[in-house]
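Listed in TrEMBL for this protein:
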- A:51-92: region 'Disordered' (REGION)
- A:60-78: compositional bias 'Polar residues' (COMPBIAS)
- A:128-185: region 'Disordered' (REGION)
- A:150-176: compositional bias 'Polar residues' (COMPBIAS)
- A:202-330: domain 'Cyclic nucleotide-binding' (DOMAIN)
- A:E280, A:R289: 3',5'-cyclic AMP 1 binding site (BINDING)
- A:333-450: domain 'Cyclic nucleotide-binding' (DOMAIN)
- A:E400, A:R409: 3',5'-cyclic AMP 2 binding site (BINDING)
- A:440-459: region 'Disordered' (REGION)
Amino acid sequence: MSLPPDYSNEISALDREILKSQPHDVLQFCANFFLRRLESQRAEFLLAPQHSSPKGRGMAQSTFPGNNPFGKSNTSAFESIEEDDENDVVASPTASSFAPAVMDKAHPQPIAEEDTFGNFGNFAGFSGSAGAVKPPQSQPPSANPHEPQSFPNNYNLNRRTSVSAESLNPASSANDNWVPPFHPKTDEQQARLRSAVAGNFLFSHLDDEQSAQVLGALQEKPIPTKGIKVILQGDVGDYFYVVEKGLFDIYVNPSGKLENGPDGLGTKVSSVGQGGSFGELALMYNAPRAATVVTAEQSTLWALDRVTFRRILMDSAFQRRRMYEGFLEEVPLLSSLTPYERSKIADALETKKFPPGTTIIQEGDVGESFYILESGEADVYKRGNSKSLKRYQKGDYFGELALLNDAPRAASVISTSEVKLATLGKNGFQRLLGPVEGIMRRNDPSKAQHSDTVDPLSK
Amino acid sequence: MIIGTGTLLRIVRTWLYTNLNAQIRKALSGEPAFSYKHSEFLGSPFKPLHILSKPTPPPQNMATAVKKLLHPHRSRDEEKSGHDNQSSGHDRQDSASERAREEEKQNLLQWEEQKQPLEPGQIDDANHKTIGQSSNVLRQQDFELIKTLGTGTFARVWLVRLKDTNNGNENTVFALKILRKTDVIRLKQVEHVRNERNVLAGVAGHPFITTLVASFQDRDSLYMLLDYCPGGEVFSYLRRARRFNEATSQFYAAEIVLILEFLHEREGVAYRDLKPENILIDAEGHLKLVDFGFAKKVENRETYTLCGTPEYLAPEVIRNTGHGTAVDWWAFGILVYEFLVGQPPFWDQNPMKIYEQIVEGRVRFPSAMSSNARDLISGLCTVDTSKRLGNISGGAGAVKAHPWFQDIDWDSLYYRKVNGPIVPHLRGPADTRNFDEYEPESAEREPYTQDMSNKWDEYFKDF
C-alpha cells in the first residue's frame with residue numbers, strides 16, 4: 001500500500017525545511033509548517049480563476065489572513081486583488097496610456113516602500129526556531145496605497161507571441177558586397193518622400209547616408225486601376241508603401257482577415273492619399289496585415305521591403321562600429337582595453353558633425369571629451385602662434401587625456417572642412433568601464449603616473 | 001529581395017507555448033557509481049537529503065529521524081534505488097546498443113532522482129558534465145508521452161516517462177520538447193534551434209535555468225529532454241494575482257538577475273526573450289528560465305536579427321543599430337514593471353505605437369510605486385545603452401547593488417536556501433494541474449523529404 005502522493009510531496013517539502021532550518025523544537029516546527037501550508041493552499045485555491053468572484057474573494061479576506069498566530073502565510077505572494085478590480089475605471093478601448101492624474105514620475109510614496117521592505121524577510125516563511133516566529137503582520141501597505149487607479153482595462157492579458165525577423169548576418173554581407181537597390185527619383189519626388197516618412201520613428205533616427213540609401217531603395221509601383229487590393233488583411237507583410245499619387249481605401253474585417261463574399265473587406269476605416277503611407281509594421285518583421293488596402297483610383301506607390309530596409313541599417317551600423325573599433329585600437333591610452341570593452345566604447349561613441357572653422361576644443365578649457373576624426377580635416381593651434389602645428393585627418397584622435405584628468409587643453413583644434421567626429425565624454429567612459437587610470441594600470445603600473453605629464457596633444 | 005513571400009508561414013511565431021517545459025532542480029548525473037563521489041568531491045553546497053558526509057551532524061540526524069517517522073517508505077525507496085543503479089548492469093540485453101540504451105535510461109532516471117544544481121565552475125566544465133549531451137542511442141520510443149505541456153508552431157512539449165526501465169518509478173518524469181525538422185526549416189528557425197540546443201547544453205546545471213538533460217534526433221524530428229517544472233508559468237500566477245507585491249517581485253527579479261549575470265558574464269549569451277511566459281516555477285517555488293529559442297552566444301560582437309516579444313523589445317533592436325546582452329537588461333526592467341504593475345509600461349493596440357513609445361523610452365510609473373523600484377526600472381529602461389544599468393560599469397553587480405535589492409542575500413539565493421514566495425501545491429512530481437490543456441497534435445504532417453535531408457541534415461548533425 002502506498003501513501004498518497006500529496007502526502008509524500010508535503011513531507012519532502014518538510015524535509016527540506018527541516019534540513020534548512022534545523023529547528024530545536026521539531027514538533028512546533030512541523031506544526032507551524034503544516035499550518036502554513038494549509039493557509040497558503042487555501043489562499044491559492046481562492047485565487048484560482050474559478051473562485052475569483054467577489055464573493056470568493058470576500059471569503060479569502062475574512063477567513064485566512066490574520067487568523068494565523070504564526071504570521072503571514074509564506075505564500076503571501078499575491079497582492080490583495082480586491083482594490084484592483086473594483087477601482088478599475090473603465091478606460092476608453094483605445095486609450096493606450098495611463099491617465100495622467102494617477103501617473104507621476106516625481107512623487108514617490110515612501111510609506112509604501114518602507115513597509116514592503118519590512119515585509120520582505122517573510123517570504124522564506126519562517127525562521128529557524130519557534131521563538132523567532134514573527135508577530136502577525138498586516139497586509140503589506142503596498143496593497144493599499146494605490147489611489148483609485150485607472151490602468152487601461154484594454155490591456156491584452158493573454159500570452160504574448162514572440163516575433164522574429166529574417167536572420168541578418170553582417171559577416172556574410174561583408175563578403176558578398178551587397179549594395180542596396182537604387183531607383184532614381186527626381187528632386188521633387190525625393191522631397192515628397194522625405195516629408196512622407198518624416199513623422200515615422202523608423203526613419204527619423206537615420207543619418208544622412210542611411211536616409212539617402214533608404215529613399216533610393218524605394219521602388220515605384222504603378223497601380224493601373226481602381227479596385228486593386230494592394231495588401232490583404234491577414235496576409236503576410238513584406239512591404240512598406242508610400243503614396244506617390246492617387247487614393248487608397250483602408251478596410252478592416254473584425255474577423256482579422258479578408259473574407260470571401262461581398263462584405264469580406266469589412267468596414268472602411270479611412271483613406272490615404274498623396275504623401276500618406278501604410279504597412280510600416282512590415283519593416284520590423286513578418287506580421288499579418290492588419291487591414292486591406294484597395295485603390296480608389298489609378299495610383300502610384302513607392303515600395304520598400306523589410307530585408308532591404310533592415311540590411312541598409314545593419315550594414316551602416318556594422319561598418320561604423322568596426323571603423324570605431326579600428327580607430328580605438330590605435331589609441332595607446334586605451335591599448336589595454338579588451339575587445340569586449342572596445343566594442344562597448346565603440347557602441348557608446350556619439351557622432352557629431354561640424355562645419356568648417358569650428359573650434360572643437362579650446363586651449364585652456366577643461367577637457368571633458370575625447371574625439372576621433374571620422375571624416376574631414378582639422379588643424380591644431382597653440383596660443384601665440386598663428387601657424388597650424390599639425391593637421392588631423394581621418395582616424396586621428398585628440399583630447400584623449402581628458403578621460404584621465406581635468407588638466408586644461410594644451411592646444412586648440414579647429415576644423416578646416418566639414419568634419420564628422422566620434423566623441424565620448426569622460427563621464428560616459430567611466431560609466432561604462434570605470435576609471436581610465438585603473439584600466440591603464442592593468443598593463444604597466446608606471447604608465448599611469450608617467451602620462452600625467454604628457455602633453456595632452458602629443459601621441 | 002523578398003523573403004518569406006510564398007508560404008503563409010508566419011515568422012511571427014507562436015513560439016509562446018513552445019517551451020512550457022519544466023524542471024525541478026539541476027544536477028549532476030551520469031555514472032551511477034560515481035555521482036555521489038563527484039558531488040562530494042566538489043563539496044557541492046546543494047547536497048540535498050543524501051546524508052553521506054562523514055560525521056553526520058546532529059540536526060541532520062534529527063531531520064532523518066523525523067523523516068523516517070513521518071514517512072518510513074521513502075527512505076527505503078531511496079536505498080533501493082541506490083542498489084538498483086549499481087546493479088543495472090545485470091540486466092543483459094541482446095545487443096550492445098540495447099545495453100547502451102538501457103544504461104543511458106538508467107542514468108537519466110538516476111539523474112532525475114538526484115538532480116541538484118551545479119556550481120558555476122562545474123556548469124562551464126563541459127568535459128566533466130554529464131548533462132546536456134547529445135545521445136546516439138535514445139529514441140522517442142523510449143518515452144511514454146503522458147500529456148502536452150505546451151505547443152508552438154514547430155514544437156510541442158510533452159510530459160514524458162521513461163518506458164521499460166527496471167525500476168521505473170512513475171514519479172520520475174521529464175519534459176520532452178519535440179521539434180519537426182520540416183517546420184523548423186519552413187519557418188527559417190534552423191539557426192535559432194541550433195543556438196537553443198548549444199546554449200542550453202552549455203548552461204545545463206544552473207539552478208534557475210531549464211536543464212537540458214540530453215538531446216537526440218531521428219529522421220524527421222529533433223528532441224530535447226528537459227527536467228519537468230511542475231509549477232507552471234509565472235505568467236499564470238501573475239495574471240491571476242493581477243500583480244505581485246514588492247517582496248515577491250524582488251525575489252523573482254533577484255533570481256532573474258542571477259540568471260542574466262551568469263548568461264552574460266560567464267557564457268556571453270544574450271537570452272533575448274525575457275517575459276513572464278518564459279519563466280516557470282519549480283516545486284520549491286524557484287524560477288526556471290525556459291525557451292532558449294532566441295538565445296545566442298554574442299560575446300563581444302553585436303547581433304542584428306530582430307527577435308523577442310513586442311512589449312519587451314529594446315530600442316536598439318527596433319532601430320537595428322546592433323544589439324547585445326544589454327537587451328536583456330532592458331527587458332528585465334519591463335519585467336519588473338510588469339510584476340509590480342500587472343502590465344508592461346509600453347502598450348498599445350497598434351504594435352507600431354508600442355515601438356514608437358519604446359524608442360522614445362519615457363516610462364510612466366503609478367504613483368504607488370516605491371522610489372527604489374522606479375529608480376531601478378528607470379536605470380534598466382534607459383534608451384542609451386551606454387547609460388543602461390546592467391550594461392554599464394559593474395555589469396550585473398551594479399544591478400545587485402541597487403537599493404531595491406538591499407534585502408536580498410545573493411549567495412543563499414543561488415544555493416536555494418530559501419523557498420520561493422509561491423510554492424506550488426502538487427500531488428506529486430508528475431502533477432500537471434498548473435499547465436493548460438492543449439489541442440491534440442494534428443495528424444497531417446509535411447514529410448521530411450530526401451531532398452531536405454540531403455540539404456539540411458548537415459545542420460542538424462550535432463543535435
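Glycine too: its Cβ is placed from the backbone N, Cα and C atoms.
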For the binding-site residues A:R289, A:E400, A:R409, proximity to chain B (Cβ under 8 Å) holds for none
Simplified to three states, DSSP reports A:R409 (3',5'-cyclic AMP 2 binding site) as coil
Secondary structure of the domain 'Cyclic nucleotide-binding' (A:333-450) by DSSP, residue by residue, totals 36 helix, 43 strand, 39 coil
One should report the C-alpha separation between A:E400 (3',5'-cyclic AMP 2 binding site) and A:R289 (3',5'-cyclic AMP 1 binding site), rounded to whole angstrom, as 51
Within the same chain, the residues at least 6 apart in sequence whose Cβ is under 8 angstroms from that of A:R289 (3',5'-cyclic AMP 1 binding site) are A:I231, A:L232, A:Q233, A:G234, A:D235, A:V236, A:G237, A:G279, A:A282
Taking all protein chains shown into account, the Cβ-based neighbour count within 10 Å for A:R409 (3',5'-cyclic AMP 2 binding site) is 20
Students should find that the Cβ of A:E400 (3',5'-cyclic AMP 2 binding site) has, within 10 Å, a number of other Cβ atoms equal to 23
Going by C-beta under 8 A and a gap of 6 or more residues, the same-chain neighbours of A:E280 (3',5'-cyclic AMP 1 binding site) are A:N200, A:L202, A:F240
The DSSP breakdown of the domain 'Cyclic nucleotide-binding' (A:202-330) into helix, strand and coil residues is 41 helix, 41 strand, 47 coil
